[in-house]
Amino acid sequence: MSIPREEPLPQTELDVDVEKRLSSSLPSDAEMEGIARQNELGPKLKRAHFFSPLDPAVAEAVNKDAETVEYTPEEDYKVKRKIDNVVLPLVICSYICEQVFVRSRAFFVAKSKFGVKLISLTERTCKKFGNAHVITAFNENFGITDNQKWTLALSIFYVGYCLLEMPANVLQRRIGANRFFFLSLTFWGLASLSFVYAKGYGALLALRVLLGIGEAGYYAGMIYYLSFWYKRHELAMRVSLCMTGTYPGAIGGLLAFGLVRAKTSLLDGWQFLYLIEAIPTLIMASMILFFLPPFPFFATFLTPRERAIAQARLNRDHKPQSHGGMNGWQGFKAVVTDIHAWMFMTIYASFNVGVATISYFLPTIIAGLGFTAINAQGLTVAPYIVGWFMVVFQAWHSDKTRDRGWHIMLSCFISFVGYLILATAVQKSVGAAYFALFLVIGGLYSLFPLVMSWAANTFAPTSKRGVGTAFIVSISNCVSIASPQIYFDPQDSYRKGHAIAAGCVFLSMLIAFLLHMRLSKLNKRNAQRLDLMTEDEKVSLGQVTEISDSDPRYVFMT
């Protein structure tokens with residue numbers, strides 16, 4: 001006996017409509033893989049010229065894919081490691097080229113027209129400039145006949161640097177990080193080459209201005225750029241690896257130690273110093289242009305799915321936006337009216353007094369302990385090497401514990417103790433004074449990644465973050481113009497200068513404590529506000545692309 005087959009019931013229009021709705025509400029395989037929107041993109045638009053903005057359609061497609069992509073912790077780790085292996089080496093190498101170029105040290109006692117002088121000029125912008133200054137041939141070539149001309153040459157650098165710091169950040173956001181950093185590195189490399197052949201005091205001033213223009217926006221821009229690749233609790237460690245001045249300081253000292261001694265019939269040693277360091281800088285500029293992705297959604301070393309995962313990692317943490325939002329003027333107004341920006345600026349400016357002074361006078365201090373000028377060069381390397389380990393450890397532990405404030409206070413305290421030892425024991429014990437230099441270098445340089453990553457974690461939306469980090473660096477570095485003047489007492493082994501630097505570092509520690517307490521209080525208050533809100537009130541906050549730091553849903557890192 002056969003069982004008759006049942007015919008399927010005919011579908012009504014209502015059944016068809018329900019089926020369509022259900023199928024449309026479920027993500028497709030392509031959406032779950034994070035490639036659907038990117039597959040819909042047409043041919044890649046060609047940029048009209050070098051300064052043309054990036055295509056916002058690409059960013060929008062990747063962000064849409066990031067909303068639906070599903071990935072495992074293993075894939076998250078794999079994408080992060082690919083970023084570490086491609087982006088970090090390029091950033092680190094570019095920073096080393098910049099800092100070795102501006103931080104090379106060669107310390108000599110030279111009898112110039114205005115007396116015997118042992119100088120260690122180590123401003124962030126042209127450390128090698130100070131090294132060369134103590135060589136008589138350099139002074140004669142550029143017409144430096146007195147300290148007044150020397151001081152003007154130092155200070156004029158900050159004209160372009162401070163004025164263009166924030167506009168440079170706006171330019172980076174428009175054309176992309178790779179093109180912006182290419183311009184910066186090219187400026188430095190060409191300026192270095194120009195020093196080799198330039199003559200006269202006017203040429204010296206012009207090249208100093210160009211150096212300031214070239215560096216404007218670089219440091220803050222790198223912090224801003226890295227915030228597009230890493231979560232908030234991953235940032236400090238990466239910044240410490242990419243942008244600490246400790247290993248460039250050590251490398252630069254060793255490099256200058258050898259280069260300045262070179263001499264040919266055409267070039268003196270100080271010219272070799274500029275020439276040799278210009279070559280890798282220009283090479284690095286080309287590598288940055290062609291291999292550094294401007295943003296994650298333009299990263300060709302990632303597959304479309306990996307680009308969506310990279311963006312999803314960030315969107316589920318702090319949603320950085322490369323397009324739209326505040327313009328430069330709106331971001332500036334938001335920053336200058338934010339008390340947090342001024343507190344960060346005070347922290348940075350105060351400890352930067354210590355950085356500038358210890359950098360300027362490190363070999364002078366060591367020579368004052370009884371070492372020769374030549375030995376003083378070698379003895380500057382060890383504090384930077386040991387300091388590097390402290391920089392990395394502090395940043396790693398800060399990310400692990402997701403704390404910024406207490407780590408900054410600890411670094412301030414360590415350098416504060418170092419300065420106290422220098423102020424009280426520099427004339428009594430060579431060992432204690434030299435040990436204090438390790439504390440000062442380690443404490444001060446570990447503050448750079450901690451403070452700047454904390455600032456980047458505090459400002460939102462992204463457009464405000466970019467202007468905010470540039471504001472802090474720009475205003476704070478103006479202090480560097482006057483910082484060396486606190487070391488006015490060489491007859492007393494700079495004890496008064498050490499005491500003033502200790503006071504500045506203590507101020508940084510105090511402001512960091514107040515900021516930590518303030519942000520903790522804001523987090524508690526925001527949590528209480530959200531608890532008291534009804535569902536309708538929460539909905540009224542709106543579904544925004546990126547939560548502002550004034551939104552009660554925003555959680556500050558403390």
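Glycine is treated like the rest: Cβ placed from N, Cα and C.
What TrEMBL says about a protein is an automatic prediction, not a curated fact.
Residue ranges 89-109, 467-487 are listed, and TrEMBL annotates 467-487 among them as transmembrane segment.
Under the criterion of 3 or more C-beta pairs below 8 Å, with sequence separation of 6 or more, the transmembrane segment (204-227) and the transmembrane segment (499-519) do not qualify as touching, having fewer than 3 such pairs. Cβ atoms under 8 Å from those of the transmembrane segment (180-198) belong to residues 94, 97-98, 101-102, 129, 142, 168, 171-172, 204, 207, 210-211, 213-215, 217-218, 221-222, 267, 271, 274-275, 277-279, 281-282, 284-286, 288-289, 292 of the same chain, restricted to positions at least 6 beyond its ends.
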